[in-house]
Amino acid sequence: MRKTTTTTLAAALLAGGAFAATGGSAQADILFWSTQAAPVEETQAMRGQVLSGFEEAVDYQATDDRGPWLTRIEAELQAGSGTIGLLGALHGEFVSLSDDLVDLSDIELGDVTVNATFQQLGMLGTGEQKYLPWMQATYIMAANRQALDYLPEGADINALTYDELIEWARVLAEETGGPKFGFPAGPQGLKHRFFQGYLYPSYTDSAVTEFRSPEAEEAWNKFKELWQYTSPSSTSYGFMQEPLLTEEVWVAWDHTARLADAFNQRPDDFVAFPAPAGPTGRGFMPVIAGVAIPRTAPDTEAAKALAAYMLKPETQVATLRATNFFPVVEVDLPDDMPASVRLSGQAIARMANADDANPSLLPVGLGEYNGKFNQVFVDAFERIVLAGQDVRQVLDEQGETLRSVMQDSGAPCWAPDEPSEGACPVE
Amino acid sequence: MTAVTARETAVTSADIRKRGRLVFVATIIILCAWVLAPIYLLAINALSSPEQVNAFPKSFVPGFETDSIAFFMGFAGVARALFNSVLVAGITMALSIGLGAPAGYALSRFDFRGKDAFRIMVLMTRAFPLPLLALPLAVMFIRTGLDDTALGLALVHTTLALPFAVLITFSLFAGIPVELEEAAWTLGCTRLQAFYKVVLPLVLPGIAASAVFAFVISWNEVFAAAVLTIENRTLTAFLLQNINVSPMHLKFAGGAVLVVPALIFIFAVRKYLFAMWGIANR
Amino acid sequence: MQQRTLPYLLLLPATLFLCVFFIYPFLLVAWQAVSQDGALTLDHFRTMAGHWKFPTAFWNTMLLALAVVPVQLALALFMATLVTRMGKGRDVILYIWTIPLGISDLAAGIIWLAIFEQTGFLNSMLSGLGVVEQPVAWLGYQNKGTIFLAVVLAEIWRATAIVLVILVAGMGLIPKEYYEAAEVFGASPWKRFTRITLPLLRPSIQTALILRTILAFEVFAVVIALAGTNFPVLMGETYHWQFNLQDRHVAAAYALVILAISIAFTLVFLRTLRVPREAQP
């Protein structure tokens, strides 16, 4: 045993050494280090259908878990040399890396027209193009067709109000034997986006300034009401497509990419529709993913070429097929898109073009406080809704936290809040 | 009269023994079922179509659809990732036993200053969350060229496996009477020979157990693997760090793909693991 | 002379190794917990302790370890004793019992979620048997009790094998003559267990307890899979502060808390289960 152990050890060390020798020398592939398109099928589609068309070989590595993604890039920045060529991530994930991203304003995009609002967001409040918008999505509602029979009288599914949604959820809960509304409140769920971009704008026309206003109190009380008719398993839901497919829930709110599987597997059984409206309009917010180049990239020029490739109309269409994220450049979609694109595309258009549409922008300038900003909303939810604490008191306390987050970061207000001089105030 | 009683007693005691035997076997079967049932459910879901996986009530018989499994097997680079995983796990095994067994022996045979300090230090590697250590380690590896090598990752995995190797070999060495060794010395063996010929065979199961732990720890570790390997990804980092966010049927298929090699490994070393019985019963 | 230096020589490789690959990065992280911009501070511990989730996470972690570890030890001892009495087929049975060893906590979480989720196997079975009409939301946020039970069951299933393997390896070292002698004197099986097995197995029990307890304090993946946000534990909070809130200082403070309770419990086990050192050579 011992002899074999020593032999294996020697052999293993030799092999390890050999790997060490080859590891550093030939790094031909561009490493695309991404937090998007992490589900295995999407990763596979990114590799096989999107990136295979690029002139150079690309190593696409995606992880939904922010831990390894962030640790790796931070380590490379600290060590001062890296292997990552291109970063792919959400707007919010870039903000804390802002200082270490290469200016992309000189990238030659040809005759591609990039959405100007998103391009502006990509500057992260600086004078440089920190990231280029790569793809977009938003959050919509989805329902099983069975649930439509229980819609409150006179309610138009494409112009629902929060009151009608609550009523609908109540009827469903009472007449089908259990709550059928689902909400992604699990650890991987995107619940904070609902409060920031949907509930608050719909009731207070704000996300920061009016955080603890009486209108906000009303909004939380409405949500508490909705929660009574919400599936109690919601606290472990991450992607609503799963409980929709198992029919554990019939009506749900989530990210378009996280509903796509339901639409694609059973397109005839599900409908997509806009988020509901409140007293101050139909609040909704975009999801923007971008591509950026860290200052430690081994070959900046190649990475820039790849970034430009990602914005080509053909690539954008291929990306849509692979990930269910929509293009950020002007492009004509072909007719043969998957069901999820058709269904959610319609719902998004209805939501954006509604008379009462109240779109939010994304925060700029939060820097390393991005996570803590989100946490204010998550904590408010967990305390008010799950722990049943007093709404007024929680809002006052969380409001203080929010105020210090805004002051420490110095982030100015963003829509729907009125623009501010300096840090966005909490009234 | 007396004869009858004797016979009756004999019958009842045989009865009791038979009943005891029955309870014994039943207990073992129940325990096996407890262990195997969840594995069976994993297999059902891994071998079913997406519709079956999402259905309710669920079937307790697999649909024998191999599409989900095939999806993983069809990944370009699976073979290479499998090789990397085995390589890393192999180096981890060798290193953790090579470093751990001598330490375990020293802890069991000698009294010296710093003994407890050493034990605590070894255990600290398990008591401190690895995801936090990954950043300084990655910086160090990038600077020294250990980054993205099987050896580099194995070094990290060894810190995780070492406490097992040290403590398990320690507890077994401590269970072997030192007289055995002394006897060998009086018969003319050197300390090394005595160790080699007398003690080592006795702790083989402990070493095998440490090896199993080292292998399994390395095999299943995701975080460090995801950070420290890029081109030379291990199977876990390559395929499975994202199964949590993948559709149901792929979750299960991925889980199954991950489990099978580990089970084969444990099966392969089981006879070392339990080799002890023959020796102790002699 | 050699007697004094030999133990140190034997420890040297492991020590050097740990200094480079553990102590060095550990000190860097630990420094983050107690410093802000280069100056010593306890602010991060205050932030941690002042956060409303900290006490819950702390006691949840303790409670879980307390519920899981003793059961695992008892179960593993029981299984190991059964093994010693087995005739042929022992290899196969032992192999089956060690299977969970090879299953990562990630995979274990997936498996047990498939059992307990609302449309999972448990509800499928219960509704098939007609016990329940509507699937029960075992993991719903109001059912804290069943959530806890599910996590405990999953952890017992997943990690008892670790204890079992250590104990089985240790039991093999107990000479069979002891049992034969005891049998001759008419000792009952229970007496043989408490008088021979337990005392002689002490080193292995100690090892198993220490390792299992430390691992229990780091429990994470299975809890996240089954309980979601309903059952915060220390390790989950560490992760959350490090990567979601991106506050490495507070994350490091959490990590030090985990380390501290692990060391405390280790010391308790080292003292109470002191292993008698064999006669000095």
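Just so it is clear, glycine is given a Cβ too, placed from its N, Cα and C backbone atoms.
If you look up TrEMBL, you'll see B:22-43 (among others) marked as transmembrane segment.
The list of residues near the transmembrane segment (B:81-108) in space but at least 6 beyond its ends in sequence, with Cβ under 8 angstroms from a Cβ of it, reads 115, 118-119, 122, 150-151, 153-155, 157-158, 161-162, 164-174, 195, 199, 203, 206-207, 210-211, 214-215, 217-219, 225, 229, 232-239, 261. Summarising the annotation, TrEMBL assigns transmembrane segment to B:81-108 (among others).
As annotated by TrEMBL, domain 'ABC transmembrane type-1' applies to B:82-269.
Residues 103, 152, 156, 159-160, 162-163, 166-167, 221, 223-224, 227-228 of the same chain sit 6 or more residues outside the transmembrane segment (B:120-142) yet have a Cβ under 8 Å from a Cβ within it. The transmembrane segment annotation in TrEMBL covers B:120-142 (among others).
Sequence annotations record features per position, and here TrEMBL assigns transmembrane segment to B:154-178 (among others).
The transmembrane segment annotation in TrEMBL covers B:198-219 (among others). Note on the transmembrane segment (B:198-219): residues 85, 88-89, 92-93, 96-97, 100-101, 104-105, 154, 157-158, 160-161, 164-165, 168-169, 171-173, 176, 180-181, 183-184, 189, 235-236, 261-262, 265-266, 269, 272-276, 279 of its chain, located 6 or more positions outside it, place their CB under 8 angstroms from a CB of the stretch.
Residues 39, 42-43, 45-46, 53, 68-69, 71-73, 82, 85-86, 204-205, 207-209, 211-212, 215-216, 219-220, 235-236, 239-240, 243, 246 of the same chain lie 6+ residues outside the transmembrane segment (B:252-273) yet bring a C-beta within less than 8 angstroms of a C-beta in it. According to TrEMBL, the feature transmembrane segment maps to B:252-273 (among others).
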